[in-house]
Amino acid sequence: MGAGGRMSVPPEGKKSKSEVLQRVPHSKPPFTLGELKKAIPSHCFQRSIPRSFSYVIYDLTIAFLFFYVATNYFQNLPEPLSYLAWPLYWMCQGCVLTGVWVIAHECGHHAFSNYQWLDDTVGLILHSALLVPYFSWKLSHRRHHSNTGSLERDEVFVPKVKSGIGGFAKHLNNPPGRVLILVVQLTLGWPLYLLFNVSGRHYERFACHYDPHSPIYSDRERMLILVSDAGVLSVTYGLYCLVAAKGLAWVFCVYGGPLLVVNGFLVLITYLQHTHPSLPHYDSTEWDWLRGALATADRDYGILNKVFHNITDTHVAHHLFSTMPHYHAMEATKVIKPILGNYYQFDGTPIFKAMWREVKECMYVEPDEGDQNKGVFWYKNKL
């Protein structure tokens with residue numbers, strides 16, 4: 001979906017279950033970032049304003065068509081069909097708007113154009129429309145990319161060590177408990193992260209993405225947090241006016257339902273990219289940037305790979321070269337896979353099956369017993 005069209009890049013032949021779960025190497029790679037970059041065609045790093053905007057226009061056009069059909073034709077459906085039509089609209093519109101979210105994410109990485117002001121303008125508008133504090137997220141996300149895989153400094157889905165697991169976790173280590181974890185994570189995970197830094201890096205005091213004095217940010221960044229807050233507040237006020245004019249039910253059906261889907265996919269995508277039984281995490285004695293960047297996995301969402309602009313199945317390349325436009329990431333992934341070898345992790349497990357497996361198997365991290373590499377931590381689930 002989108003200008004140019006792109007195909008998903010599956011692994012060379014389907015991996016067996018044992019191969020998928022086989023740990024990736026944690027030793028220093030035999031290649032450098034410079035060697036990887038040199039292997040990628042130079043045009044893959046070129047950003048095109050017309051091409052980048054073509055994806056914005058395409059996605060927003062599809063979103064408008066869904067909105068038009070829903071608001072003009074659903075009312076004519078008999079009741080049983082209308083009850084089915086709205087959830088279908090939420091899912092379809094939510095998937096398209098997740099693609100819009102990904103484009104704003106590109107802006108945050110300066111991968112949209114060669115002009116930072118243009119990237120930030122587009123990103124601020126698109127993310128604010130989805131109630132995301134653009135600069136606040138951009139700054140914490142940049143630190144995530146700078147510290148991926150670090151137990152002390154990463155910002156997203158930082159796993160707990162075994163000693164940090166509370167006694168209540170034992171009551172959730174069963175099927176009903178896992179269902180509860182997934183429901184809360186997919187519905188409330190994103191706002192809880194923005195408001196309370198849940199699943200994020202530990203700070204000595206309260207951390208919030210809406211607070212300009214949050215420890216997440218430096219003094220020179222605080223004005224940008226206020227700009228982000230103003231963007232979210234402007235859209236919130238617009239929604240308030242819509243509720244006053246159209247009613248709460250109308251606004252939820254047209255906007256709220258799809259937004260819940262966007263937030264759910266955002267959390268799910270990020271969770272599965274950074275949570276996998278084969279991926280290591282490192283403490284400060286072992287961590288370095290390249291090994292941390294490689295501690296992530298590409299996943300297969302089927303046709304949604306295209307809808308999500310391939311952020312799902314080119315995430316390894318994205319962590320290595322975050323300013324590369326998404327429309328070149330597939331080509332770059334094909335080129336670097338042979339060089340990465342066993343350091344590249346692709347898991348084609350069906351997403352719902354993978355989600356259930358990860359919430360079951362990846363409860364905490366700890367080093368292997370007797371392993372000399374005490375700074376290398378692996379996911380485990382035995383309490």
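Including glycine, each Cβ sits where the backbone N, Cα and C put it.
Because TrEMBL annotations are produced automatically, they should be read as predictions rather than curated entries.
Here's what TrEMBL has on this protein:
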DOMAIN    25-64  domain 'Fatty acid desaturase N-terminal'
DOMAIN    85-344  domain 'Fatty acid desaturase'
REGION    1-22  region 'Disordered'
TRANSMEM  55-74  transmembrane segment
TRANSMEM  86-105  transmembrane segment
TRANSMEM  179-196  transmembrane segment
TRANSMEM  223-243  transmembrane segment
TRANSMEM  249-272  transmembrane segment
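The average per-residue pLDDT of the prediction over the domain 'Fatty acid desaturase N-terminal' (25-64) is 98, rounded to a whole number. Packing against the transmembrane segment (86-105) from elsewhere in the chain are residues 1-2, 52, 55-56, 59-60, 62-63, 66-67, 69-70, 74, 112, 122-123, 126-127, 129-130, 132, 134, 141, 253, 257-262, 264-266, 304, 307-309, 311, 326: each is 6 or more residues past its ends and has a CB under 8 Å from a CB in it. Secondary structure counts, DSSP: the domain 'Fatty acid desaturase N-terminal' (25-64) has 27 helix, 0 strand, 13 coil.
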